[in-house]
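Written out below as structure tokens is the structure these notes cover.
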Amino acid sequence: MSTYDQFFWLIYPYLMLTLFVVGHIYRYNTDTFGWSAKSSEFLEMSRLRWGSLLFHWGIIFVFFGHVAGILVPKGFYEAVGITEEMYHFGAVWFGGAAGVATAVGALLLLYRRSTVSRIRINSQKRDFLVLILLSVVIITGFTNTVGYTASGGAFDYRETIGPWFRGILTFTPDVELVTSAPIGFQIHIFSALFLFGIWPFTRLVHMWSLPLEYLNRNYIVYRRMQGKKLTNR
Amino acid sequence: MNIKAQFGMVMNLDKCIGCHTCSVTCNNTWTNRPGAEYMWWNNVETKPGIGYPKEWENQDERKGGWVLKDGELELRAGKRTNKLLNIFYNPDVTPIDDYYEPWTYDYETLIESPEKQHQPVARPKSQLTGDYMEIEWGPNWEDDLAGVHETGWRDPNMRGLEEEVKFQFEQTFMMYLPRICEHCINPPCVASCPSGAIYKRDEDGIVLVDQDACRSWRFCMTGCPYKKVYFNWRTHKAEKCTFCFPRIEVGQPTICSETCVGRLRYIGIVFYDLDKVEEAASVTDEKDLYQAHLDLFLDPHDPKVVEEARKAGYADDWIEAAQRSPIYKLAVEQKIALPLHPEYRTMPMVWYVPPLSPIMDSFGNGVDGIHPQMIFPAIDDMRIPIQYLANLFTAGDTEVIRSVLKKMVVMRSYMRSVQLGRQPDQNLLKQIDMTEETLREMYELAAIAKYSDRYVIPSSHREHADNMFLGQGTAGYDFMEGCSDCAVNPNMTDSYQFGEAYWGDIGGRTSNDL
Ligand code: HEM
Ligand code: SF4
Ligand code: SF4
């Protein structure tokens, strides 16, 4: 195992994941005002429509796809009787469809942000950075899925990248598992980790604010001077 | 009974001269910042017209307010699950172009132009992009009926008026409608916010946006049928009229009222019963909403109400203020003030005394000499203004408008008799169902009321907001935000600076760059 490998698959991941966790706490406490989705719909609606819808619905499926493919061990599927063919069918078709939607959505958003001048001028650099990085992550991820899985390639990420990432999360890292992964996968992992690192400092924090509490809140919110939140009706 | 106090405003439209002082002072106080420059928390529209933003009253498009669905009150734009499913793209946003693209002028060329044969011109520049632009719409495009022969057709208040009648409307009448946030008793903007960032103040009913809690989901703007929640395109957050709460809390009127040239605004509190709000807002017939709203208000002179108010924690000065409230007098006792678009079921709290002048105008000059018995039939005849006013203030019920206008005519005639030492016509009083006492009060409030009668504003009891002894001597540390926000030490800076440095920092341009 070279120093190079150790940096990329051990030190760097922990660095980025630490930034991810600590950064969120830091940002929430120092910049509550900046914590938002930063909607730009008020300035431009028609292009946002397809860009945002495709991207967001796509990324939700992609997220669950990653849970299924990376976080859930291969053995689990065998135990519940899901065969290799069934898994691959799902990964290619559902994963592929979600991937296309997400990629098209992200590119549309990037196109919109660069070409609609009232949006471009009122963007921060990090708004562009997020979209560019997301596009890289999504496109490398998507080509990997299609390229390797669909063509029945020899590389099985469920026996390499999956266990490696679970190892990172459980503090039992095994760097050897990824050193021989194809470069496409390596770029995907690298850029995704970079995204995690800058995540807390961008608009992406809005993800954590998905307002599910709305579903069983009273419609009208009252607040008293004492700062206690009261709701009624 | 769950008694609450609520600030309200009444505007007497007959007195509005359309000078826009209120809008300008409001803008100077609250919204002359990049991102907010297009916002007119107070705006004055000429009616008929489509207003600001364009066609805000067309709820088929704008989707604001509440509707009855199977007897239940529901947001017109859709219920909770619907909002969450549309969170990535809200199809019902009113985009900035429907307000107007804010602009400034390229003044620099005026100063720096070399000597030329022609005078240099300051061309308009978009404040969104800094590019030169053509001005095609503005915040007050239809001032004094400008262009209304085209836009007027799209005024939703024209419904119920026959085509051929409509064709004459621009010759028939014109009125000004100054508008601010209604600080609704049943506010759909609050209900629309998934984060709970918009709230109604328990003590006085003022509706505010918590800037730190707003997450940019932009549903509130759709929810408000009056389009009085605005989106700051710079901070990406919702902002709205604050009812000048820092002034109100110390007993001063809002800046729009304070500076109103026509002195046509009144501010005061009313007590209402919170437990009855939902029922009142859910009456089946839209025309009953006005009465249902009136029935919500509690009589501040009723000893039972006074006792309840004390129990609910309202201090004596608040109860007294409620008893002296010009809002209660105009809305409940005299019944000449009416809510704006009660059919939105929001229970709005900025009410209007409808203008009599469009009707009086039709008699030409020397109106004061005309006897009510001549004017009454005319009021019944004037279909356009009556129906139009009814569409604005009573969900189409023309009877209420007639009765208010007649009261105003009788008041003038009665006072004229009094001034000339004649015997007032008691028969007239009966026709409008008013006593001499309330009629006189109506006159006083309309004609000679002093500052302290027009604005009966009890100060907020901030001294009870917290246990001040507990805070004594502390450095203001609290758990999450550290002490940066509450420090007394001037060396500690606030986390949010709204100066040029701040705006530059978030990557946007400052007003200097334009
Ligand atoms: C989980 C719940 C999420 C919600 C409720 C949500 C909601 C939103 C909203 C309301 C906007 C503003 C759209 C507008 O301009 O009006 C937005 C923008 C955006 N979201 Fe999300 N989002 C979620 C998750 C995510 C995730 C997981 C990602 C990426 C990993 C993401 C990436 C973005 C990006 C990049 C933009 C900016 C689009 C642009 O360039 O205008 N979102 N989101
Ligand atoms: S008028 Fe004011 S309180 Fe009523 S819905 Fe609109 S913003 Fe909210
Ligand atoms: S300041 Fe008063 S008179 Fe002038 S436009 Fe505003 S409401 Fe009307």
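Even glycines carry a Cβ here, placed using N, Cα and C.
No curator has checked TrEMBL annotations; they are predicted automatically.
Remember, it's a predicted structure, so these values are computed and weren't measured experimentally.
Copied over from TrEMBL:
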BINDING   A:His56, A:His188, A:His206  heme b 1 binding site
BINDING   A:His66  heme b 2 binding site
DOMAIN    A:5-224  domain 'NarG-like'
TRANSMEM  A:6-29  transmembrane segment
TRANSMEM  A:50-71  transmembrane segment
TRANSMEM  A:91-110  transmembrane segment
TRANSMEM  A:130-150  transmembrane segment
TRANSMEM  A:183-202  transmembrane segment
Run through the Cβ atoms and count how many others sit within 10 Å of the one on A:His188 (heme b 1 binding site). 24
Sequence gap of 6 or more, Cβ distance under 8 Å, 3 or more pairs: do the transmembrane segment (A:183-202) and the transmembrane segment (A:91-110) meet that? no
Take the C-alpha atoms of the residue listed as 'heme b 2 binding site' and A:His188 (heme b 1 binding site) and report the distance between them in angstrom, rounded. 13
Given the model, what does the mean pLDDT over the domain 'NarG-like' (A:5-224) come out as? 92
I need to check the long-range neighbours of the transmembrane segment (A:91-110): which residues 6 or more away from its ends have a CB within less than 8 Å of a CB in the stretch? 47-48, 50-59, 61-62, 65, 69, 128, 131-132, 134-135, 138-139, 141-142, 145-146, 149-150
With Cβ-Cβ distances below 8 Å as the criterion, list the same-chain residues six or more beyond the ends of the transmembrane segment (A:130-150) that contact it, or say none. 62, 88, 91-92, 95-96, 99-100, 102-103, 106-107, 109-110, 113, 157, 182, 184-185, 187-188, 191-192, 194-195, 198, 202-204
Taking the Cβ of A:His56 (heme b 1 binding site) as the reference point, list residues of the same chain whose Cβ is under 8 angstroms away and which are at least six residues distant in sequence. A:Gly105
Determine the Cβ neighbour count for A:His66 (heme b 2 binding site): the number of other Cβ atoms within 10 Å of its Cβ. 16
Using a 10 Å cut-off, grab the number of neighbouring Cβ atoms around the Cβ of A:His206 (heme b 1 binding site), all chains included. 16
Near chain B: which of the binding-site residues A:His56, A:His66, A:His188, A:His206 have their Cβ closer than 8 Å to one of its Cβ atoms? A:His56, A:His206
